[in-house]
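Taken from TrEMBL as is:
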REGION    1-31  region 'Disordered'
COMPBIAS  10-22  compositional bias 'Low complexity'
DOMAIN    168-267  domain 'SecDF P1 head subdomain'
TRANSMEM  285-306  transmembrane segment
TRANSMEM  313-332  transmembrane segment
TRANSMEM  344-367  transmembrane segment
TRANSMEM  388-409  transmembrane segment
TRANSMEM  421-442  transmembrane segment
Amino acid sequence: MADKRFDRGAANAREAAKKAPASRQPWRRSSKQRRRCLAALASALVLVVVGLALAWPPAERLGWGIDFAGGTASTFIADDPSSAGAAATLVARRLEKLGVTGARVSADEDGTLEVVVPAGQDATSAVSSATRTGHVELVRLDAISDPEVVAKIQAGSTGLSLDAGSYSALVDGSEVSSAQMASLSSTTDSYALTLSFSSDAAARFEEATGQLASVGGKIVLLVDGTVVSAPSVNAQITGGQVTVPVGTDAADAQALAIALGTGSLPVTLSVQGTSAVAASVGAGALRTGALACGVALLVAVVALFATLGPLGLLSLLALVASALLELGGLAALSRSGAFVPSVYGYGTAALSLVVLLAVYVGVVVRFRGRVRGGSTAVDAAGAPLRPLYRELLVAAGLLVLAFVVARLVGAASTEAICASYVWLVALAAGALSLPLVLVSLLRLAARGSMRDNPGAWRLEPVEREVR
């Protein structure tokens, strides 16, 4: 009978424990917190692996840029010096769309424009495509007054240059709203440009093609006054869009589509010459810089461990995660042309990591201060992070606002834009690493070794001498 009463009492106790609120079940709450922390660390590990995949190998994904690898400089003279700056902006945009990363385009007051492309990229064809005027015209063959040229076009010749005044354009480049490359066949290399027109140009083009279709006439595609293609018109073309064959080279077709799609240059650029540009940072300087970074990291590890003990190492682990996440982000931006590899860009990235380390050290110092002030390690690790996140969001907002304003007024240099991207990526990396790595490690340690051995973590209250 006694055994039965004992079993019934134990069962009642277990049932009461199940119904008890979470605040009266610390073991259950602690287990749930551990699972959350482990899940956060696992998420951080996945993000770090993704960052490494985006950035590996760094020399290929990030690139060395002109500062580290040198390059080729091409010099041009604009026929209108006052518009050289606008032309430089458009050339830089074309180079980005052509996949050239790290190029520098600058214009002087005298109309000199310089384009520098990093080593390892096809500078000749890319610069040639980006600096062409890009003025497109669609012309009726019967509107060309030179009979010799007309005969050659009828025979299938291309690359002919037409004299100004020898023809009248049916559609002018200012009436072309977009230009895209298209493939004409899935089995053969045959490419075309799909051009879209304004409503007025579409109406004229529709009427003209209706007339030409009945007599087998041709429409000539001119770019900068040179014949690119002259297809026959077989039917009236409606809808304000036409597809014109341009050849069998995909790269040339894409370059032509980019040049026409970005709009024509406000000037005509004349080539003055090309020259090699030496790297401003040589191999010896790179080795010296790498050695200096290694020494600085070693000093930071020793200093943090000497002052904060294992807490300092936790802040370093968070910094490593941030560095790898930032590396992946910069590699993604470099692939899109937003991040330009340079001494300035990498220097800004290094400075951003120093700032993040200071933030992480501040977090662990505040944590230690709470514990020494009488809080338990668990309560101190669970302190809200809202004030810190508020500061990060304000900093990110100010950076975005400054970046947008600078782009709108055209006052942002390439270096300033690059620095803005670096700081935004660094803030994103810090906002992820802080809760997922540093806070999770603090909370796990607070429920384990900190509670069992606070002396090893240097969390004992500091004794002050009373006089």
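One-based numbering along the chain as shown.
Positions of Cβ are set from backbone N, Cα and C atoms, glycine also.
Fair warning: this is a prediction, and the values are worked out from it, not measured in the lab.
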Predicted model, mean pLDDT over the domain 'SecDF P1 head subdomain' (168-267): 89
Range from 285-306, 313-332, 344-367 with the greatest count of C-beta pairs under 8 A to the transmembrane segment (421-442): 313-332
Outside the transmembrane segment (313-332), six or more residues from its ends: residues with CB under 8 Å to it: 44, 47-48, 50-55, 58, 61-62, 300-301, 304-305, 339, 345, 349, 352-353, 356-357, 360-361, 363-364, 421-422, 425-426, 428-430, 432-434, 436-438, 441-442, 445
For the domain 'SecDF P1 head subdomain' (168-267), the number of residues DSSP places in helix, strand and coil: 30 helix, 35 strand, 35 coil
